Each structure stands twice: as C-alpha cells, then as structure tokens.
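Q: The following feature annotations were taken from TrEMBL:
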COMPBIAS  41-86  compositional bias 'Low complexity'
COMPBIAS  126-137  compositional bias 'Low complexity'
COMPBIAS  175-203  compositional bias 'Polar residues'
COMPBIAS  204-223  compositional bias 'Low complexity'
COMPBIAS  274-285  compositional bias 'Polar residues'
COMPBIAS  314-326  compositional bias 'Low complexity'
DOMAIN    500-536  domain 'Zinc finger Sec23/Sec24-type'
DOMAIN    573-806  domain 'Sec23/Sec24 trunk'
DOMAIN    909-1012  domain 'Sec23/Sec24 helical'
Amino acid sequence: MSAYNQNFVPPAAAPANGNQGSSLVNGLPGAVPHQQPPPQAAAAQQYLQQKAQPQLQQQQFQQPPVPYPGSSNNSSQPPPLQFNSNIVNKFLPPSSTSANNGAPPPSTLPSHLRPPTANGPTTLTNGSNGANSAHSSRTASPGLMSVPQQGGAPPMPQNTQYAHGAPPPAALPIQPQSVASLTSNMHQMNLNRTNGQPSANTAPTPQQLQQVPPQQQQQHQQPLANPMTGPFMGNKPPNLNPSASRVIGSPPTGGAQPVPVPASGQRIMYGGTPASNDQQNNNLQRAAPPPGAGTAWPPSLPKAAVPGIPHPMQTQPQAQSAPFAPPQQYQYGQAYQQPLHQPPLPQQQQQQPAPPPGMFGAQTSSAPLQYQAQPPPPSMQPQGQHPYAQPQPTSGPPQLGAPVPLNVAQQGFSRLWGQDTIDLMQNRHILSPATLPAPKVVLHNQFHESINCSPSIMRCTVTKIPETNSLLQKSRLPLGIVIHPFRDVNNLPVIQCINIVRCRLCRTYINPFVYFVDSKMWKCNLCYRVNELPEDFQFDPATKTYGDVTRRPEVRSSTIEFIAPSEYMLRPPQPAMYLFLFDVSIIAQQSGYLEAACSVLNRHLDEMPGDARTQVGFICYDSFVHFYSMAEGLNQPHEMTLLDIDEPFLPRPDSLLVNLKECKELVRDLLKLLPKRFAHTHDPGSALGSALQVAFKLMSSGGRITVFQACLPNKGPGSLEPREDPNNRSAKDVAHLNPATDFYKRFALECSGYQIACDLFLMNQQYSDMATISGISKHSGGCVHHFPLYQKTKQHMVDSFRMCFKRYLTRKIGFEAVMRIRCTRGLQVHTFHGNFFVRSTDLLSLPNVNPDAGYGMQISYEESLTDVKTICFQAALLYTNSEGERRIRVHTVCLPVTSSLPEVMHSADTEAIIGLLSKMAVDRSIASNLSDARDAFINATIDVFNAFKIAQNLPSGQSGQLIAPRSLALMPLYILGLLKHPAFRVGTSTRLDDRVYAMDCMKTLPLDQLMKFVYPELYKIDVLIYHARNSNASTTEEDDEEEPLPEVPRLQLSAEHLDSRSIFLMDCGQLIMLYVGLNVPPDVLEAVLGISSTAELGDYVYGLPHIVSAEYDILQRFLLRLNYDKPYSALVQIIRDTSTAKGQFIERLTDDRSESSLSYYEFLQHIRAQVK
C-alpha cells in the first residue's frame, strides 16, 4: 500500500472540483477556501461548536496570546480551517437524504472505510479479507463508542484490557475541542471488529446526537486520560526517558510548540524537533474541526514513531482468528499508571501469537498425544523471568480498582539483589527444572571472583561469613565446608620451583588472595604477617621471563599443584604396593564373585597406577589362610597354607609380594587358577582377622590392602556373632549401629601409622556386620563398596561390580598423604567428617587418597571478625603419586564477611548445608541413636525458619504461610529426602548392613554425588524422543556436527507427574531407572527398547538393548551426560508399570506419602506449625 491513503486527495494531483488549493497533511485537508458543507455535516458541526465554545474560551483565557507560527500577520489566532466536503462526507454515516456532493456512494468505498452497518455481518478483522498488514497506512475505520438511547450506561469494548488499577472510562467524549484532542481520542478507540458484529466504537449519526440526554452529554465532555497510558497503548514501550519524550497530542511544555502528528508514511522521534514542512500540522492541531465532521472524521493513522515500535493507533496482528481468542495483555500500559509498583517488563518488538503451552516449544506436531503440547506443571514453568514480573490474569480483564500490594517493588528489588523470599505453602513445586548451580561468591573484585576455588572442590555452607559467633548463632545455620580435595581436575597447573613461597608464621601457601606490599614483600591473607619474596619469584615459568609477580601461576589460580622438593620427604617415596585378600569360603564360592574379580583384575593389570617398582600380592582365606609365592624360577605360583590362625605369621619373608613387571605372567596364571582352585571347597569358615594380621606384616612399608568379604567373619581373631533381628528391621529404635568389637578399629589405626589403607568390598548374601568390619576402612583412609545379595547368575550385579572394580583399579591414587585445613585468624576447624585418622588438631592422616572421596569440616570462632572484610580457607594435600613423586595440591577459597543477619540467611548454600548435616547426623546416630538424628534434622529446619522470621521482622501468627529465603527454599525438600533415605528412615524394613553402608556413603561421597543419593533426579524423556524425531526429519546428510541435546526439565519426586503414556528416567547416582508406562505408543517402544509392547518386558530388566534409531541415540547421549561426572557409568534398570520391581521406583518418590512417612506438603505443614 502507498504511503498515503488513496481516498484522500493528493496535494499534487487535486481534482478539478473546487479543491485545487487543498493540501493534505496526515490525511487531513489543508487550508483551502471554505466550502459549503452538506446539510448533515452542518448540523453536526453546529452542535459541536455550541458544546465546544465554553471550553475554547477558557483555553484562550488561560493561555497567553502568542504569535501563531505560519501566520502572515503574526496573529495569535490560527487561520480558519478549510476542508474538502467531499472527503468529509466519506466518513459520515450513510443517509438516504444526504446530498451528492461529489462523494462516492458507500458501496464503492473500501471495506475498511465503510461504516459497520454498511458492511453487514462479517468475520473480518482489521481490514478486508481479514488481513493484518503492518505496513498499511490505515488498518481499520475507527468509530466512537455507541451511546445508549435511554440513558443507560454506555457499553464497554469487549476486548479491552485496562491498566491495573486504572478505572475504565464511563463513556468516551463525543466532542473533541481540537484536532489534537481528536487525535488523543483516536488513540483510545477500539479498532477491531470481532465475530461479524459491529464494534462498540461506532460513529453516531446526527440523529443519535440529538437524542443524547444532557447528563450524558456532560459526561461525554469529561477529559480523557493520557492516550499513551491507556490500555490501547499496544505492547511496545515508548521512550521511558522523561526528558527526551513528549506524548503526541499532549500540550507543549516550557513554551515549546506542540508535537505534530506525523503524516502518513512519516516517522518522528520522541523528543525530536519537528521538521519545517510540518508547520501546517501545528495549525491543524489548534484549529477547530471541520463543520459537520463530528467525531467520525479521523485523520489517517500515523506510522510508528520509533523504528520497530508500532504507534498506539495501529492494530497488532491477532494471535488467532478464533471467535474466543484470549484477550491480549498490554504490559506496558501499567508502567505509566503505577511506575512505583510494577516496573515494565522487556518485550519483543512486536507481539507474537501466543503459543499453546507445552514442553516441546508449542510446535505443531503430528506426534502421539503425549508428545504434543500439554500444559506443564508449575514446576516446569520457564525460568529466568524478569525479576519484576507478576502473574498476569489468564482470562478477562483485571479487577478495576483492585489494591496492589505495597511490597511489589520491594519484592522486585529483593529478587534483583538475591534476597527475595517465597511462601513454601503456596509454592509446593519448588524444584527448579534445571540443575541448580552453586551460589555465586561476590567479592566485589572481578579478578578474585573469576579465580576463586571451584565449588565442585570446596564449598562453604554460607557464601557470606558472619563476623561474630553471636550472629552465627542467631542465624541457626551450621558453619562448615565440604571438600573434594583429590578430584579429577582438567588443566591443573603443575609447577616445579626451588622455593615454595609460604608464610613464615602460619605456613600458608601463597595464593591469589594475598596482598603484595611491593615487588619484594607480600602480606599473608590468613595471619596478616608481612613476608619477603624470594628473588626467583619474579621469574615466570610459563613465559620463561622476569616480570610482574602477579603473573606467577601461584597467584593466578586458586587450585594449583607443586612438585615438592626433598625437604618435604621424611623418607624416599614408597612404591605402589597392592595386596588383595579374597574370601574363599563356601558362601563366597556360591556367590561366584571370585571369577568376576579375577577376570577384571587380569584384564586391567597394565592399567593400574604405578611405575617399574609396583608390587602386587594375593592372599586367600576361609578357615585357614592361603599364601601364594611367585618366586623367580617357578613355572607356576606356589601355594602355602597357614593352619594356626590364632597366632598368624608369614611362612616366608619374600616372594609373597612380587614386582608386577617382572612376574606379570605368574600373576596372570594365578588369577586364572584361583576360581578353579576353590570351586569345590565346602569350608564355611572365614578367618578375616587372621588374614588382616598377616597382611599388615607383609605391607610394613605402606600401600593398599583390598579385602573381599562375602560372609560374617567367624574364625580366629576378630570373629563375630550375628546381631541383627530380621523381624525388627522396621523398628523406630535401630540397634547395633556401633561396632561389636574394637579389633578392626585398632587394626586400622595401626595401618594408618604405617601408611597402609584398607578398602572393603562386601559381597554378602546374609548379615555380615558391616558396622564392625567397615572400621578397617573408616580409620585408615579407605573406601567401602557394597553389593548386597550378589550372585553370578544376576548379570546386572556382575556388570555393576565389574564397572566399579575397574574404576577402583585404574583411578589415580595418592600414597602416604596428609591434609591440613588452614583458616583466617579468628576461625578454626573443630570437627572432621570422613574416612581418615586425625593426627593433630588440623592435620588429617590419609594413607591413601582417591579422587572419589569427600570430606566435611565444621568451623568455630576463636575471635571476632569485625576488622576484616574477607576470610579464606586453604586446604593443602601432600601426597606421593603412583610414580613416586611427592606433590602438594593446594585449594584456596575466599569469602566475604558481613554483619547483617538477613545477608547471612540469604547467602546460605542449601546443598552444602545438607552435605554437612548428613555427616553430622551419622555421627549423632552412632554416638546416641537414630531417633536423635532424625529429631535433629527437623529441629535444624525449624530453627532456621524461626531465625529467618526474626531476621525479617515477619509478624507472628500468619496462618497458612511458611516464608523462606530463596537460598533455603529447597531445605525442607532435601531434609525430607534424608528422613526417607535408607540411612535414616524408620518404619520401613531396612537391612542393617544396607543402613550402615548408606551412612558410610553420607560421610564419604562428594557433594555432587551425595545430592543424587539423597534426592534423585527425575526426568520425562518425551522431550528427547520428540526432539529426535523433529531433528531427524530436518537433518541432512551434510550435517556432520552433532546437534546439542535439548534441556529436559527436572521434576519433583511425586507420582502426580507420572503418565501412563510416557517414559520417565530417575537418576539415583549409581542406578538409573527407566519407568515405562502401560500406554506408551508401540512406535516409541520399538525405537527406544526394541519391543512392540510393554508385556514383553520382564519384571527385572537391566541394560538397554542396542537399537539403530534416532530416539535410541539421543537417549544414549543423555545418559552419557548424566554419567559424565560420576566415577563410572550407572546401571540402567527398566521397570514397567505392572512389574514387581515397581516398588523400587515408587519408594524413591520422596514427595509422596507412605505408610510410615509424611508427604512433602504434610511435612511443610508440620514445619509451619512449629515455626512461631
């Protein structure tokens, strides 16, 4: 369409009917000689002039006379407005008595310019053929709101959304005082016609004007609100700078001229100076409307004032043409009505059609029903919304005059600064759809924030440290750190230097958070002592040049590893020494674990960490102890049996531990012979204590002992008796969590003194008293692995054990290690959690350290931190690697100090708190009882919420509310997960060995693995299948790059999210469950599982079959992503809806109620009742 409306007369080509002098601006006639208007127009104009005369006189009295621009005689009065009557008649309602003054008949007008009654019933919207053209100079023919005939209230537009809190206009005025006010009124008109019915904004005829009662005429003369703030502003924000914008049609300020109405096809900028050729627009704005035009004489709609932002008069494309389309929301209309309560939201440049809600992006699909768009639950709503966003009404306009909460702005700014709160009772679906990152530590130093220690290695329970102990007590939060010191780190900087720079007073290693006094002095960030720098510290080993000391790797990385010089060695580094102890009793032989263990060991002998000095040995035991000599000159291993198990000794001093490189063939032969050697024995005895004693004598120089136990030790030293009562497994008072004897603990302490660690693999089929025998690992820095009910006929258990044992053999290892935690002056470590031996107040003895072990420490105050702004924790791990090289790995984390209790509460790290509380609860269960530990969980939660209520000065007695900071919103959910975990649950049958192993995992697992262990991750993988099908259809053979995986929303653990038409995945850490609904489409089953019906699935199915399909490939990629940070790939179990294994899946739905535990919402109600 052209830039101007073809129904107006162009200035350059005016017809020869007396209008040669006409000049149109913005579709309005210019100053031409006055012509006689038609009778209808004259009647309407006479009526309008009578009503406008008092207000015009008042305006002239209030405004001082100024020379009118464009006037030849500098008169303050504008020239009379002259118009073309032919054009005016086009906009008048049709009348059978109107004279023919050259105007075309109504039937020849375009449909968008006809009066509504002339078009007849139609379903067209905003123009002919229902087309919504954003480039058209006119999109509809506006009219006025219909006036009732008998004094009734005027009807309101049907599709009107008023600004929140703004009352609707009772009736639109029918008499503008000027063209400028007419333009403003045009902004308030509804330009749409819906469902074939005339719009409420219909121009009145002169006959209707005469029937308007005087009361309503006075009501119509009320001034309108600013058109830029009305509900029809559109969805584009105007210029929000008050100094650079003026509303079109508003009176000028400061003596400036009025802003002209832009011509058709012409653009202006808010606050810009009008062009010189727009002077006639100013004349038109101050002139009276043409006689007879009334309010049905509209100027052409101006173009957008700012590129990309449509003018309020322009109608937007509708989301859909259905008769019951939802009303459009006008967000920016609220920005002017209530700027203090609701700041505007960023919108796109044009309102897009609202897609139907769904988890697949609301794309049109021919997929089955469960793969089409469905309304997501509240927990799956998109994250990352604007912090000031408020819920918009779903249907209908908001209640007019409804009070707006006074704390809306406060909530917006609180969310912006990370101090927003949430009512847990009203937000039950609190879990984020995506995996939550660790809270960011704000140090007000961009460089320090970027190099701070990774949260995957060290995290504190709060990201802002209270400056005093009393402030910490008020917060009721535990203060401590969780650390994963030997984690596999990519791109770890390793440096070798003659002098390792350390503080002379506290022995802190130089780190990025120290203060350099000058190029030769530095100030310790822990004890604040000023130290000297060695001369070679200015040499940068990375660039091999001398320069600034801040370029050194030690001060540019918070995690660094030093190659220690000889002064850090008390003795030459020990070689890697591995001794394996196998239980070969009849129960062990029936389980068949020995065959799998020897097979994996034989396959990965070459991958075990070590150098040319690596030594290996093997001992088997039942009622006796069996040694194997692999001396030089022997063609096969020689077995020796020790019958005296009460006072064991070594049968020979050498050839029991042999060099792996030199005797590799003998070792392989032995591993092949061992499963057959004891295949037909029927000895029920297990002399574990005797085997450990001779192993200790054999490993006097340090190393690692790996113990495989399949039954309860019942022979020789350390023999045990069954203590578990199978009929009392679900009792509230759990007994026998403490060891039955201290034999194994004393043995572990002796091993720790000789740098020997003991690792335990428990492959039991019956009670084996793990609470007692696991002491060999807890106090020697070892690890525990448990495979209950292991049987060689259960292939999934064999596969799981093989993967675990492979990881155990091939992972890196640190020998004769010690770890020290240093704190800023004023803090100290007072309790340690994990598998180790505490050698001194801050020194941990770790004979072996592995990358899968985590630790926890509780921090206490020695003095106030009032004079410091930041504090630091530094962990230094000194160890010998498998190549015999002494190394020091240093981690340093820096945290700010605050004196504000609300800041402490909002800086809480929920996951770190759960990690520390779980370790503390294990010690509480062993020292006291399990009930005390469970009560401590609940009391800790209540205390924290009470403290937050006091910190925020929240009124007491608010029924139905449980206000929590956003940082602690997940704490009740995770606490409930701990209460329902096998380690701490009651009322559910739990084997004692399983409970003890779960408690051991609580103390030793790194934080990322612990959180999946406490609260598994649940996903609905329909989005993966749908994505695979769409991407497969759009992918060409030339696309070599792998398409990124879609984001799969995380669900809370509740059966309300389950659907019989879908497949769900639950990641429990070392076990991944695929829950298959009964009504999953056959094509999905065929593409993912290679079956046509769920009936083909057995009760216990493990592992995914290999299927050639896009759906199978994307599922495998998703599994790889889940297993990326795990020690080894998790076992996959497939469970159908009617399987007997369904209980394993259902019992992990923590949010639901069970026979012996509360649901999540009931637990919240219990917490709320206790919060006073």
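A Cβ is built for glycine as well, from the same backbone N, Cα and C atoms used for every other residue.
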Q: Looking only at the domain 'Sec23/Sec24 helical' (909-1012), report the model's average pLDDT.
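A: The answer is 93, the mean pLDDT of the model over that range.
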Q: Any residues 6+ beyond the ends of the domain 'Zinc finger Sec23/Sec24-type' (500-536) with a Cβ under 8 Å from its own?
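A: For the domain 'Zinc finger Sec23/Sec24-type' (500-536), the nonlocal Cβ contacts are 447-448, 451, 548-550, 554-558, 562, 564-565, 822-825, 870, 872, 874, 876, 888, 890, 892, 894.
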Q: Under the DSSP assignment, what numbers of helix, strand and coil residues are found in the domain 'Sec23/Sec24 helical' (909-1012)?
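A: Summed by class, the stretch gives 71 helix, 3 strand, 30 coil.
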Q: With DSSP as the reference, give the number of residues of the domain 'Zinc finger Sec23/Sec24-type' (500-536) in helix, strand and coil.
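A: Grouping H, G, I as helix and E, B as strand yields 2 helix, 12 strand, 23 coil.
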